[in-house]
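Peer 1: Summarising the annotation, TrEMBL assigns Zn(2+) binding site to His612, His616, Cys714, His718. TrEMBL lists 773-800 with the feature coiled coil. Look at TrEMBL and you will find 1-757 tagged as domain 'Alanyl-transfer RNA synthetases family profile'.
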Amino acid sequence: MTSLEIREKFLHFFKENGHAVVDSAPLVPQNDPSLLFNNAGMVPFKNVFLGRETRPYDCAVSAQKCVRAGGKHNDLENVGYTARHHTFFEMLGNFSFGKYFKKEAIRFGWKFLTEVLQLPKERLWVTVYKDDQESADIWTQEMGVPVDRVIFCDEDNFWQMADTGPCGPSTEIFYDHGPGIPGGPPGSADADLDRYTEIWNIVFMQYDRSADGALSPLPRPAVDTGMGLERIAAVMQGVHSNFDTDTFVRLKKNAADLLGVPSVVPGGETPEYDAALNVIADHARAAVHLIADGVTPTRAGRGYVLRRIIRRAISHGRDVMLKGGQKEGGWASLLSDMVPSVVEVSGSLSPDEGVISKIQTVLRQEGEQFDKTLAQGGALLETEIASIVSSGEKTVPGATVFKLYDTFGFPPDLTSDYAKRLGLSVDLQGFELCMENQKKQSRKSSGFESGFGALENNLAGEEGTGFVGYESLSLDSDVVALFKTEQLEEKGKEKGKGKGKGGGMSVESVDLLRVGQSGMVVLKETPFYAEGGGQVGDRGILSLRGRGGEGATVAFAVKDTQKRGEVFVHIGDVLWASEVSGATEGEGGLSVGSVLSAEVDKVRREAVMRAHSATHLLHSALRQVLGEGVEQKGSLVEADFLRFDFSHPSGISSEEIREVERLVNLWVRGNSAVGTAEMLLGDAQEAGALGLFGEKYGETVRVVSMGSVSKELCGGTHVGRTGDIGLLRVQSESGIAAGIRRIEAVVGSRAVEAAQEAASKLSKVSSVVGGSVDEVERKAKELLDRAKKAEKELSKVRSMLVDGFVRSLLDSPPVSITSLSGEAKASPGSGSLFVDESGVLVAVGWLPDGLEGKQVQAVCRSLVKDLGGREGMSAVVVVVAGVDGDSRASIAVSSSDAKRVNASQIVKGLSPLCGARGGGKSEFAQAGGGDPSKLGEAFSSLPGLIFPA
């Protein structure tokens with residue numbers, strides 16, 4: 001039975017048993033900053049389990065795409081070397097939101113495994129939580145599992161979402177691969193070996209854990225199950241390793257063919273590169289699915305995880321090719337070339353040629369970039385290891401190897417190869433220690449587990465906030481929850497009952513939020529827009545009025561509005577209506593149950609609306625100018641400012657930018673009506689509405705239309721007519737990642753101000769160049785041409801002066817080094833040649849002004865080469881120069897015999913004497929930023945620095 005057939009049977013079985021079939025959510029979680037990626041089947045239903053969201057069904061089934069390769073859940077380093085670790089996998093799961101519980105959940109799992117898949121019952125073992133006798137009885141008395149194959153376990157069989165909140169016992173089903181594979185049953189000393197594989201897990205969410213650890217029953221117990229598709233495929237196909245299943249055999253063969261090595265045959269002889277092929281096959285699946293869901297390689301966050309996955313696969317591909325005797329090959333394009341195979345075996349990715357082409361473009365560009373990193377490895381490592389060589393050390397520290405790997409993506413085996421060529425060893429144990437420390441740190445805290453994490457459990461069960469902000473900017477509403485927030489000096493400080501922490505901030509649920517305190521307010525209804533879809537959250541005032549509705553007695557200044565599930569959270573500070581009254585903390589405040597007057601900052605909201613509507617027009621203009629391959633990748637919409645990220649394989653010309661800007665302003669002047677409508681997602685897509693790539697949409701969506709030029713799925717706020725935007729002016733265009741461009745623009749009054757400022761600058765420039773505004777370009781080119789000609793002539797003069805300086809120095813007879821005593825009378829263009837008793841020539845000179853650092857370095861190296869080549873002589877050259885005619889000095893020292901005269905030590909001795917800074921190696925060193933007036937005094941110290949006692 002193939003993997004795709006197993007998936008279809010699973011979905012069909014639960015559909016026949018009354019479950020709604022829910023499509024897999026994108027790999028990037030929606031509105032959940034606690035996770036890098038969806039890493040379990042229940043993640044898309046998290047808000048349903050917490051009571052923050054309702055669905056039109058009470059039980060569901062899904063085949064959820066998952067990634068575990070960053071943050072708290074990170075399997076990356078194990079992938080390829082074990083039978084069951086993956087970065088990307090599919091989790092088959094059925095879920096109940098109060099419809100059924102233990103008996104039905106256990107019966108469904110047992111029936112599917114033993115009747116639909118027809119697994120032999122005698123091969124199945126079960127674990128239950130130590131206090132869950134109810135589940136144990138169901139297994140033994142109703143399912144007929146022998147008592148000796150039902151094992152009670154401790155914490156491994158108790159699941160919780162966080163330190164507080166929903167939790168409960170779990171029961172697991174294990175498959176026995178047989179005595180041919182080492183390992184013991186669950187709970188035994190050998191349980192970690194591979195004979196017994198967990199294939200099904202059922203979590204019974206029946207308790208709510210409070211801050212003091214107490215458990216209380218949930219009003220609607222829920223069920224969360226999971227069965228890894230790759231694991232059950234291995235069982236059904238009679239193989240022990242997931243990498244021997246149909247999906248991976250196909251991908252490994254494709255990789256082997258592309259790398260020019262024999263394919264791996266399951267059950268046959270295992271080649272030494274089998275683990276590398278496992279890595280490549282797994283990482284190809286992960287990379288393709290991540291890019292398909294909108295992730296692109298970047299330097300941080302999700303994009304950095306994707307980059308590591310791609311580079312790890314390419315590195316293994318390179319190793320396979322080199323070990324196979326190919327010195328040059330297509331490892332850079334390996335993953336790009338595997339995309340069609342990944343699409344074919346997935347059964348869920350779009351086979352559309354345009355989609356495949358986009359994924360291939362991203363992978364090809366990232367592969368080529370990493371190939372350059374590999375090709376430039378010698379130069380990169382030389383910089384990192386130079387200090388080790390000059391200091392006489394023989395071992396490259398593990399921390400250096402880790403830095404190269406973690407920062408530059410440079411594989412440790414390549415670092416080791418390079419070090420060997422230099423006669424150095426590598427501290428691989430130190431590298432492994434650094435890797436382990438990083439893993440521990442990742443497990444402790446992920447950058448995505450901060451911020452509002454402490455709010456999650458406090459909001460569990462809260463009804464969604466009614467949003468009226470499309471129609472109104474003010475209303476009176478009840479306070480349903482209050483939270484006091486305090487900034488912590490250290491993470492983990494100020495723990496206490498009812499408190500949580502996140503991102504250095506304590507969050508405490510309170511009934512009264514006092515004047516002077518910072519906090520969060522949850523209202524029954526609100527006109528405040530919560531940040532989403534790239535649009536920033538609203539600001540404004542929540543005020544508590546006195547008796548009779550006269551005069552605000554207390555005001556809450558809303559600095560930001562965020563959304564947790566369906567709950568709107570207003571963030572800010574409690575103030576008196578008039579701060580000059582001298583009110584202090586503790587004098588009154590806001591309480592749960594109060595009725596507040598909520599009023600959005602109208603001026604700011606209108607400015608944000610202008611920018612958001614302009615973003616839609618910009619998107620349409622880009623698609624019209626650059627082609628329909630343009631897709632939105634992200635945006636930021638603020639007051640009269642927008643930032644728009646989009647897919648495009650190359651840079652954009654100034655002419656194209658002008659055309660985009662022209663089109664947007666043409667549509668603005670057209671003053672088309674901006675309309676909104678709610679409709680079914682399918683109807684909206686048929687009508688041509690554009691959606692954000694990788695975004696998760698519900699069954700009903702909101703469509704925003706602007707005349708005939710724009711139609712997008714959008715929940716944001718917009719102007720009434722395009723003319724309200726006023727004007728758009730593009731400020732910048734740049735590339736932010738492979739195949740991703742970014743435009744920043746201003747609108748409204750800010751666009752007018754930008755245009756006025758540009759006109760003013762142009763007028764000033766025209767005055768400087770001596771012509772009218774229309775003549776600025778021509779005049780500027782004329783000035784530039786003159787400057788280039790003058791610089792060319794000046795360069796010739798400098799070269800003549802330098803040549804004369806060098807000839808004079810080389811032709812001058814050397815005098816005793818003892819004459820270099822007292823304060824030397826140094827001046828630009830002067831130089832002297834000295835010799836000591838041991839036959840070391842010492843050239844000391846001050847080069848003509850205006851030379852750059854590279855030119856100074858070249859003269860220094862040339863002199864030491866000529867002088868050091870004289871028979872029986874060694875040479876050391878010390879030269880200084882002013883940089884580009886300013887008052888700073890540059891020092892360069894070169895030695896032809898680094899064992900006798902250390903250039904680095906000379907620079908270290910000279911630098912403080914004239915205020916310069918620098919360093920280098922024993923054969924060449926350089927410093928800059930010194931005071932030329934102190935050079936003569938510094939020169940007098942040279943004998944002691946060159947020939948220390």
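Along the chain as shown, residues are numbered 1 onward.
Quick reminder: no glycine exception, Cβ is built from N, Cα and C everywhere.
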Peer 1: Helix, strand or coil for His718 (Zn(2+) binding site)? Use DSSP.
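Peer 2: In three-state terms, His718 (Zn(2+) binding site) counts as coil.
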Peer 1: If I restrict to non-local contacts, at least six residues apart, and a C-beta distance under 8 angstroms, what lies near His612 (Zn(2+) binding site) in its own chain?
Peer 2: Gly534, Gln535, Val637, Leu642, Cys714, Gly716, Thr717, His718
Peer 1: Using a Cβ-Cβ cut-off under 8 angstroms and a sequence gap of six or more, which residues of the chain neighbour His616 (Zn(2+) binding site)?
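Peer 2: In sequence order, the residues whose Cβ lies under 8 Å from that of His616 (Zn(2+) binding site) (at least 6 apart) are Val704, Met706, Ser710, Glu712, Cys714, His718.
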Peer 1: Please work out the mean pLDDT for the residues of the coiled coil (773-800).
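Peer 2: Mean pLDDT, the coiled coil (773-800): 84.
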Peer 1: Have a look around His718 (Zn(2+) binding site) and count the other CB atoms within 10 A of its CB, chains all included.
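Peer 2: Other Cβ atoms within 10 Å of His718 (Zn(2+) binding site): 25.
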Peer 1: Excluding His612, His616, Cys714, His718, please set out which residues of the same chain place their CB within 8 Å of the center of the CB atoms of the Zn(2+) site, keeping sequence order.
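Peer 2: Result: Met609, Ser613, Thr615, Val674, Val704, Glu712, Gly716, Thr717.
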